[in-house]
């Protein structure tokens, strides 16, 4: 967003009429609503007819929610139909669940307010909503955001729901303005964690026998407290709870002394010549010469072994690609991907715009603060286990332990959970209630992912560009992922450098967008019929894709029909 001196811009979404396009920031009295959001549409799976399968709820008026004023909602607000959004099955796009409406409702509820993250708090605001997150014993959604905040008690229920149970973790996320920095503690001053499983001390530990023992929920065992760190308890909490971050906060850092070791760092590679597979054209190991169907995202053994060597040394690899030729172009992207780096592609450096992007990317890469030779371990309740981990690293045999060559504040990792046994509801871990209104916008993002250039390349898609996009998407946090698959479209008619409020505000907006992007963004002017029009059409994710992807309406119809087949 622009600096405070500039007026906040109106957000523009594809195919919305003018009275639907403005989203105004609103601030009301402090208060939470228990995570309930207005439900604009509902799906009636009992309907057997495929016509009118989505019924709009009548207009809701005089709705009172804690933390929200009474006001009238005209809820069905989806993109206006056109030739590309219309469904071949006759669905009205204006009656479909709308991402725009979901974002708008969440902003009305939480914009400018404080969300308190506690052990039994409600569903946090969306990542697209600007609000203050306060840690009161539970890590805020800036660091850990779960795919669902209601886990089924039984494993069978989780399998039947087909909902992914997991969390997106950003270990080095930056607190927003107005939020408290993560406190740093000396290792010798911290209360020691579980001696059985190695979990660090946290508010999740429960104290017993007046503070002489504590229970670890991660391994289901009890620990004796050494007399040096003993403190009595009051109503189940240690009396020094507020003085020690490890007892009162969900996020804190422990500073430990490190022994001298080899200095890790960044390796920047500038590649301008064509990448070839080698002189042995008869070999079947090459990417293009093989008769087997291979994915461009499956690296050869040579790149994997080199990436492991970089990992052991804490070497973070970045490749800047200037070559247009595609021969063997799949190989260079795997090493940066596995070392926490990236591949950045340019058409050429002849234009002033490309040069400016290169300078910005190089400066960001060199100046980015990073942690090297990172070791991550995730602990979950005894009833659950880590069944998968995903991100820009080489997966090891143990899903709960991840080794990375480097890690910065933008990088996110995904962890998937599975049941070991039934959950204990008395501890407040989970409930069996599934709230479909929180998931009504999911089909838009799923369809956009299916049509993305990574999975469904267009006519002008290059291997280098797909590798670059893949390395970015896999390590994106929730906010960047949502923006990637449902991008905002900001209309800019003219961009002269003038000293007037409109020009200054517009340029400030562009600088703000550049500062929040992982790589330098290019400003493109696209006219109807231009060769680069396809790149603009890809941003209209609710339309039919130029490379064959279904529109949102048709994809939603497909989901509904398959749901009926399962239910009936």
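A Cβ is built for glycine as well, from the same backbone N, Cα and C atoms used for every other residue.
Feature annotation from TrEMBL assigns region 'Disordered' to 1-39 (among others).
What TrEMBL lists as compositional bias 'Pro residues' is 1-11.
Annotation source TrEMBL lists compositional bias 'Low complexity' at 22-31.
For 65-89 (among others), the entry in TrEMBL reads region 'Disordered'.
TrEMBL lists 65-84 with the feature compositional bias 'Polar residues'.
TrEMBL lists 194-226 with the feature domain 'Zinc finger Sec23/Sec24-type'. If you average pLDDT over the domain 'Zinc finger Sec23/Sec24-type' (194-226) in this model, you get 93.
Annotated domain 'Sec23/Sec24 trunk' per TrEMBL: 259-365, in sequence order.
Look at TrEMBL and you will find 371-435 tagged as domain 'Sec23/Sec24 beta-sandwich'.
When DSSP labels each residue, the domain 'Sec23/Sec24 beta-sandwich' (371-435) comes out as 3 helix, 28 strand, 34 coil, counted as helix, strand and coil in that order. If you look at the domain 'Zinc finger Sec23/Sec24-type' (194-226), the same-chain residues 6 or more away from its ends with a CB under 8 A from one of its CBs are 119, 137-138, 232-233, 236-238, 246-250, 254, 377, 379-382, 427.
DSSP assignment over the domain 'Zinc finger Sec23/Sec24-type' (194-226) gives 3 helix, 11 strand, 19 coil.
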